[in-house]
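Novice: Structure incoming, see below.
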């Protein structure tokens, strides 16, 4: 019987391949539609008669709303389930982009940005769903492929949006096209093969090393492990229901029902009163806020600002420092973006090369990113900028995947939506601070923003040098405790 259970666990990746590939398509289409609109927003709001100050305030609306809504919506997806939270976000985002296609005044433009700012979190929920579907060892590879697919959409979108803009009413056509893409994504999510996600991954409810041990232990030990882990991930409001489902024989069919319920309906039904949903959301957010993860979030914030400072005045700096024309700068940016998309496919092999030692990989990618920002800030020629851009795209892609994976490792898979949403909120803080810091730094020199970015990246490296040994010690103590438990 144990061999049969091990066989089921080994078949999980093949059974879930279809749904994972569909999520890749959702990510591609999402950023493809969004990137059609982003380059056109500032031109459109100015065409509506907004002054530069008003245009800046209107442009910041989206970032401010994302700052406060990312964690809440991510936690909500943990509560009501990935499927219905993603459908809600896609539908309301489609409505926002549809309103944008009808925005003939600044008031309508702002109104259209509100639902998008509040509910454009489909990519975060996709990442949380992928985290639910795969084991801890497979997660970096799958996340890297998802980021690569999304980045390809972000590269191709502006090409289509630019072509549509050349025609009369091009902005409105692009907006309605984006809304149609989100509606198409909604249909795709509705039709996703959720039945392929019935069986949890090897470490969905318990550690991967524990699952390996259970394959060689007796049936009672396996059943006990599943009961304890499922009970630990349950909300107090539904303990009785989930306990009844789990405390049976521990057969695969029972786990399938519980796991399907978590992915589809979450911990609280979408039809339950709003106060109950809000209570569960607040509980998850408090758990994350009180956890010892401040170091990871601070590293994310420092590196987010450093990377944004690298790109903040890139075109202007290339023109002032090297007399590079905007067309050539555009080619350089496209080259870097393409490499960033391809780098997503390197995350899996690099992670295996490091033996899944994500803290060490994060430290090394952060050091490399810091050195590349310094090279760009001190570059004596365009060729040095080209060299820095080549490896910068790769190091930042790997670093983003590492920081997300470590957040999920430390926070637990049962709150993946909350953790990813909290990470996005931290990044949104960086988006608010980076333009201000960039403007101040440019008062001194065109190289001011990347030079400031070097300082922030060095601070992140110093923090990692202090904290990574503590993470390793905790990991070893956890493994020793697990080993002792299984021996008993």
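Here, residue 1 is simply the first one shown, and the rest follow in order.
The backbone N, Cα and C atoms fix where each Cβ goes, and this holds for glycine too.
Copying in the features that TrEMBL gives for the protein in this structure:
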type	residues	note
DOMAIN	19-474	domain 'Major facilitator superfamily (MFS) profile'
TRANSMEM	21-42	transmembrane segment
TRANSMEM	54-77	transmembrane segment
TRANSMEM	84-100	transmembrane segment
TRANSMEM	142-164	transmembrane segment
TRANSMEM	170-192	transmembrane segment
REGION	209-252	region 'Disordered'
COMPBIAS	223-251	compositional bias 'Low complexity'
TRANSMEM	293-312	transmembrane segment
TRANSMEM	332-354	transmembrane segment
TRANSMEM	361-379	transmembrane segment
TRANSMEM	450-468	transmembrane segment
Novice: Report, as numbers and ranges, every residue of the chain located at least six residues beyond the transmembrane segment (142-164) whose Cβ falls under 8 Å of a Cβ in that stretch; write 'none' if there are none.
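Specialist: Residues 20, 23-25, 27-40, 123, 126-127, 130-131, 133-134, 170, 173-174, 177, 334, 337-338, 340-348, 397, 400-401, 404-405.
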Novice: Can you find at least 3 Cβ pairs under 8 Å between the transmembrane segment (450-468) and the transmembrane segment (293-312), where each pair is 6 or more residues apart in sequence?
Specialist: yes
Novice: Using a Cβ cut-off of under 8 Å, list the residues of the same chain at least 6 residues beyond the transmembrane segment (361-379) that approach it.
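Specialist: Answer is 299, 303, 306-307, 309-310, 321, 350-351, 354, 385, 387-389, 391-392, 395-396, 398-399, 402-403, 406, 447, 450-451, 453-454, 457-458, 460-461, 464-465, 468.
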Novice: For the transmembrane segment (293-312), what are the same-chain contacts with Cβ under 8 Å, counting residues 6+ beyond its ends?
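Specialist: Distal contacts: 362, 366, 369-370, 373, 376, 392, 396, 399, 403, 406-407, 410-411, 422-423, 426-427, 429-431, 433-435, 437-438, 441, 449-450, 452-454, 456-457, 459-460, 463-464, 467.
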Novice: When the pLDDT values for the domain 'Major facilitator superfamily (MFS) profile' (19-474) are averaged, what is the result?
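Specialist: Summing pLDDT over the domain 'Major facilitator superfamily (MFS) profile' (19-474) and dividing by its length gives 79.
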